[in-house]
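Visitor: Quick one: the structure is below, and I'll ask about it shortly.
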Amino acid sequence: MQTKGKMHIVYQCMVAASIGMNGLVASMAMGYTSPALPSMKQEVHFSITEDDESWIGSVMPASALIGSLLAGPLLDTFGRRRTFMYLTIPFMISWGIIANAGGVRGVILGRFVSGACVGVQAVGGSVLMPEMAQLDLRKVLVMFPALLGNLGILVSYAAGQYLSWRGLAWLGCALCLPQLILLLPLPETPFYLTQSGKRSSSLAALKKLRQTPELAEREQKELDTSYESRKDKDSKKKKVSLLDLTKPPNLWPVSVGAGLMVAQQTTGLNAVIFYASSIFEAGGDFMDARTSTTLLGLVNFLKVFVGLYCIARYHRRQLIMVSTTALCVSLSVLSAFFWAQKLGGPFLAFSKKIAFMPVLALLCYMGSIPLGWGPVPWVFLSEGTPRSIRGTAAAFIVTVSWGSAFVVTNTFKWSVTSLGIHYVFLGYALVTAISGILLYRTMPETFEMSSAQMEKLYRSEYKMKDE
């Protein structure tokens, strides 16, 4: 058996790093508003209202929804690799539009374009990784997207202390280039090439991505068998419709995947990321809002290491419950603190004595996300969706995610003004608790399960015979 050293690992690491760099830019776009909005207010000739702030924050998840709808056709038409490469261009343009904006409309336009790119990126990454990485390396390779993705938020928060909102946008533009460089020497995914009838190209890609030619041949035979099985069912059917997602055995994983995404957003995650500075300002004078926000980003990044350790070793359903418990405690503490401020009198005096509480609670909140609700919905998207519907299912599930993110983000400022910030955090805690319990009971366990094993589980659940 001939080997070729470690180059197959290098290539797979490059795949993971390219997805991670794209995630870094995407998460930087998500965290951008927290330091950028205060910076915009300080600019003399730049007028911005509270309503403008809501739209600058929420337009990105709204357009990400559109991007996620376009992702499936783009991935199927241009291929996984080329779609990621082409995505660099509009991403850079979006940051350039923001950096050169003369008013709020320009910023919103740039955020709209970047959001569409984020939507495509989220779907593309969940498809590209499982189609390129071998199963025994996947546990390690998922570290790249997770680490770099969370690093993007820290970059926004930290760089925002020293750069104006325009300078921060130019930094985002520059950070788009590394992922393009990483993708240039890589092949298209073997699965996509096989589906496109390019078996020889698929085998060549596998020989580049696997340790030995024998392993590449074996995996290619598995792809051929899988492809022929689907082709026998309908030789001309290449695209999966949304209706197919509602049929057994697809309904179960798609429903759970969508439920996980909605639940992730109703923890208030994106609202906290987008408006972290505003939340800290509302909490009082214990620590400068920008410093607190940077600390929040740092904790979010460092806790990823704990999250990656847990993802590699523990069942996904267990992680959801641990994360749910920690989030509910953190959100309840935040709610109680702001409630004490609203009540006034001795309660207000007591809240001033524990002015550190919002900072501590939000740090615990952000630290709880990577334990479960941060990575598990995306891990399930890769591990739990059947290969035959993965492109369309990923597009639909990510669309649900961004739709939920838009609703939560757009209504956050309104909810705080109309209901009070204490009720907002209490609502997040209650919804998170309910979501955690429901999904723990309905979610199939994907830990150490291959795609083939998951598909067999779904078929057996609906008593379907192998076709």
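Here the Cβ of each residue, glycine as well, is placed from N, Cα and C on the backbone.
What TrEMBL records for 9-34, 54-72, 84-102, 140-159, 165-186, 295-312, 319-339, 359-381, 393-414, 420-440 is transmembrane segment. What TrEMBL lists as domain 'Major facilitator superfamily (MFS) profile' is 15-447.
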Visitor: Which residues of the chain, 6 or more past the ends of the transmembrane segment (295-312), have a CB below 8 A from one of its CBs?
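Guide: Answer is 31, 139-140, 142-143, 146-147, 150-151, 153-154, 156-158, 276, 287, 319, 359, 362-363, 366-367, 369-372, 374-376, 379.
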Visitor: Determine whether the transmembrane segment (9-34) and the transmembrane segment (84-102) share at least three Cβ pairs under 8 Å, counting only pairs 6 or more apart in sequence.
Guide: yes
Visitor: Counting a contact as 3 or more Cβ pairs under 8 Å, with residues at least 6 apart in sequence, do the transmembrane segment (420-440) and the transmembrane segment (319-339) touch?
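Guide: Touching, yes - the transmembrane segment (420-440) and the transmembrane segment (319-339) meet the threshold of 3 or more Cβ pairs under 8 Å.
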Visitor: When you scan the chain for residues with a C-beta under 8 Å from the transmembrane segment (84-102), skipping those not six or more beyond its ends, what do you find?
Guide: 18-19, 22, 25, 29, 78, 109-114, 116-117, 120-121, 124, 128, 165-167, 169-170, 172-173, 176-177, 179-180, 183-184
Visitor: Go through the chain and flag residues at least 6 beyond the ends of the transmembrane segment (54-72) whose CB is under 8 A from any CB in it; none is fine as an answer.
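Guide: Same-chain contacts beyond the flanks: 29-30, 33, 36-37, 48, 83, 104, 107-108, 111-124, 270, 274-275, 391-392, 394-395, 398-399, 401-403, 405-406, 409-410, 412-414.
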Visitor: Go through the chain and flag residues at least 6 beyond the ends of the transmembrane segment (140-159) whose CB is under 8 A from any CB in it; none is fine as an answer.
Guide: 12-13, 15-17, 19-21, 23-32, 34-35, 125, 129, 133, 167-168, 171, 175, 273, 276, 293-294, 296-298, 300-301, 304-305, 307-308, 311-312, 370, 375, 379
